[in-house]
Amino acid sequence: MNQFFYGLLLLIFLALPPVAHLLESIMIVHMHMQMPMLVIAGFLMARLFQLRFPAFFEKWNGNGIPGIILFLIIVVFWTIPRAMDEALTFPSMEVFKFFSLSILAGIPLRDSWKKLSTIGKNAIIVIFTIKYFGMGLLYIKAPVQLCNNYLIIDQLTLGWGFLTTAICLVIYLLYVTFTDPTKYE
Amino acid sequence: MAIPKTLKEKANKAMGISTEDARITKTYLFVAFMALLVGGLLGLLQGLNRAGLLELPSWLNYYQVLTAHGLLLVLVLTAFFTIGYFYAALSHTLGGLLPIVRKMAWIGFGLKIVGFVFAVIPILRGNASVMYTFYPPMAASPWFYIGLALIVVGVWMCAFGAFIQVANWRKNNKGKHVPILSFFATGVFILLFFGSLPVAIEVIVMIIPWSFGWVKTINVMVARTLFWAFGHTLVNIWYLTAVSAWYVIVPKIIGGKRWSDLLTRIVIIALVIMNITGGFHHQIIDPGISASVKFMHVFMSLAIGFPSLMTAWAMFAVFERTARKNGGKGLVGWYKKMPWGDVRFLAPFIAMLAFIPAGAGGIVQSTNQLNQVVHNTMWVVGHFHLTLGMSVVMTFFGISYWLVPYVSKRVLTPAINKLGVIQTIIWTVGMIIMSGSMHTVGLLGSPRRTSYTTYGDNATALGWDPYLLMLAVGGTLLIIGVLLQVYAVINMMFFAPKGETEFPIAEEEEGASKTPYWTERWGLWIVIMLIFVGMAYVIPLTEFIVNAPPGSPPFKTW
Ligand code: HEM
Ligand SMILES: [Cu+2]
């Protein structure tokens, strides 16, 4: 219950017009800060839904795979330049962004992550690593503006943000591959 | 394997530190306090000069003195003290240092000393009056920077030595939590390593080739940004070191228990993760960063205030609980039960108190509009003499009264304890006077890093004089404090009566909840930290590099 409350609080905070405006005024912050925080808000709120509707999650997301696929679809959708543009242009898209990232991505992520095997978890991280390298190169190499609402320099910054995040993910993967926790734990 | 290991640990705890491990800490502490002595004397010269009482000769001018003062106290004193202290903690809590780790500590020591000599010679010859921040386009002799690079590599040696020591212990103690003081050490050395990477890149990749003239120009904004990623982290390394003593040592000295183990570890992890990104609050006035990005960085900086506030709360809770257990009564009457006559408590306690105004001043400086008023004035100098010169350094002093006897196998005599109490009082009064007048004269506009001048008897500048005189008065008291402190350290190191001194580590409270194992997953915390760093730095760095102005050739401004 507590967690749900903090999640909801975060969601409301992010939806406050000045906050949303500040975060969305910078392309990389829009994609790499506001959106993940929406997912985190949903992740926190998920606890209540899990407790209220255990049967629903058991029936539809027993092994965690449907949930994580829904999460992937939503998150991938929101890294498309056009999707970001539309969120800034159409209020309905903006509402959908807040709803989809918190409810359709954050909640299934929470419900699925624990159910996935280690290989499953690492596979998700590998998918994100590849995707981030790809998106990073796209945003850095694109010779034209991909979003109506953001300048080329914003786009370049976002590209480098993708690449640095991808590098961090590679470091994480190397860490889990080459250290053996059974030696320590 | 496990049994002899624990036996060895028990022996280590019962019989005190091995001579080889003790020699490392003793040597590091000796260098630290020598740096305090020389740095303090230089500080006095500066104070007297700024008061208009002393004109420095042309062969040792104000800016040479200031560069040396900054380097000795910011870099040498703090780095050597931190490493000496935490190596003693690693040795004590993890069953003695491994031979390889000892060797690395000595190699690191050698590199740092050689590096320091490399840096000092150009300063003395007047070829490196660039202050400890060495902002390009001011350019010193290349040897100065090579010296700095060697110091950084020396620090890395010690960091990796600590990592090896901790990893080895964890292998031999599967599933156990790293003892709290070594947990602090892990956090500090992670910050030392990752925090000094940016400055190593600045010095080795950018500045050295430029100061030799191999490349013509330098990107000034990138250099400053890399410097402060390090500089700010260094500040929090001192803070974390001081906090380790507040959390772990001070409760033991007053006969109390440690505050929640879990929350302590969370504070450490939070400080490690969020730290490096705080560097931007030193660049509030810098061009090239948009207002909204600056605003978000201020938010980040103030977020670090949260674990700091937790610290204050925790400490006072511990004090009150202990005092009440010892019969303290009333809403505030319990304070009488604290061991005020024990320098090992008094010095860190005043250090903690100083953190209240120091933290308030820090919040002032993080605020964009207020920063415009105090930026580059003496206010800032007042601020860091309060934070570093009081909160951190007085904690270090307090530690020295048991750590030096501990590694020297001697004891703290009542006479030296008394001397310590007097030293603490003198230092407190001196710092309040000096830093108070620095804050005030800064508000009146007196610039920092400027030797005495009346600007042609300008009325405003003349109005600063009374405060600058007070600054010199405080500085004079402080130098007395320096001399007493160094005397006490030398006495405890070489002349005090032989005996066993305990390494004071407080126990956890009874009935505390069990600390979950995820607190030990440093690999994960480091990756999260790197993601934070990447996020915070990618915006300004892309801007600085893509939209860079023409680079700057080196300048010798002095
Ligand atoms: C005897 C005690 C001390 C005195 C009299 C003293 C005095 C001063 C003065 C007058 C300045 C120069 C202000 C300016 O022109 O900008 C200064 C700068 C500074 N002091 Fe101290 N100080 C003392 C101790 C310390 C200690 C213990 C530390 C730190 C551990 C410290 C760290 C610094 C730093 C970092 C600077 C700035 C250097 C720069 O701007 O490049 N000082 N001090
Ligand atoms: Cu800082």
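Cβ atoms are placed via backbone N, Cα and C, with glycine included.
If you check TrEMBL, you get these features:
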type	residues	note
DOMAIN	B:18-496	domain 'Cytochrome oxidase subunit I profile'
TRANSMEM	B:28-48	transmembrane segment
TRANSMEM	B:68-88	transmembrane segment
TRANSMEM	B:100-123	transmembrane segment
TRANSMEM	B:143-166	transmembrane segment
TRANSMEM	B:178-208	transmembrane segment
TRANSMEM	B:228-250	transmembrane segment
TRANSMEM	B:262-284	transmembrane segment
TRANSMEM	B:296-319	transmembrane segment
TRANSMEM	B:384-404	transmembrane segment
TRANSMEM	B:425-447	transmembrane segment
TRANSMEM	B:467-490	transmembrane segment
TRANSMEM	B:522-546	transmembrane segment
If I take every residue in the domain 'Cytochrome oxidase subunit I profile' (B:18-496) and average their pLDDT values, what number comes out?
93
Positions on the same chain near the transmembrane segment (B:296-319), where near means CB under 8 A and six or more residues out:
236, 239, 243, 246-247, 250-251, 254, 256-260, 263-264, 266-267, 270-271, 274-275, 277-278, 280-281, 284, 289, 334-335, 338, 352, 355-356, 359, 362-363, 366-368, 536
Which residues, given as numbers and ranges, are at least 6 beyond the ends of the transmembrane segment (B:178-208) yet have a Cβ under 8 Å from it?
82, 86, 89-90, 92-94, 134, 136, 139, 142, 145-146, 148-149, 152-153, 155-156, 158-160, 162-163, 166, 169-170, 218-219, 222-223, 225-227, 229-231, 233-234, 236-237, 240-241, 243-244, 247-248, 258, 261, 264-265, 268-269, 271-272, 275-276, 505, 519-520, 522, 526, 529-530, 533
Cβ-based contact of the transmembrane segment (B:262-284) with the transmembrane segment (B:100-123), 3 or more pairs under 8 Å:
no
Contact between the transmembrane segment (B:467-490) and the transmembrane segment (B:228-250) (at least 3 Cβ pairs under 8 Å, separation 6+):
no
If we skip the immediate neighbours and take only residues 6+ beyond the ends of the transmembrane segment (B:68-88), which ones have a Cβ under 8 Å from one of its Cβ atoms?
17, 21-22, 24-29, 31-33, 35-36, 38-40, 42-43, 46, 97, 105, 108, 112, 116, 119-120, 123, 131-133, 151, 155, 158, 161-162, 181, 184-185, 188-189, 192, 234, 237-238, 241, 388, 392-393, 396, 399, 403, 406-407, 503
Non-local residues, at least 6 beyond the ends, that sit with Cβ under 8 Å of the transmembrane segment (B:522-546):
186, 190, 194, 219, 221-222, 225, 229, 269, 272-277, 280, 288-289, 293, 297, 300
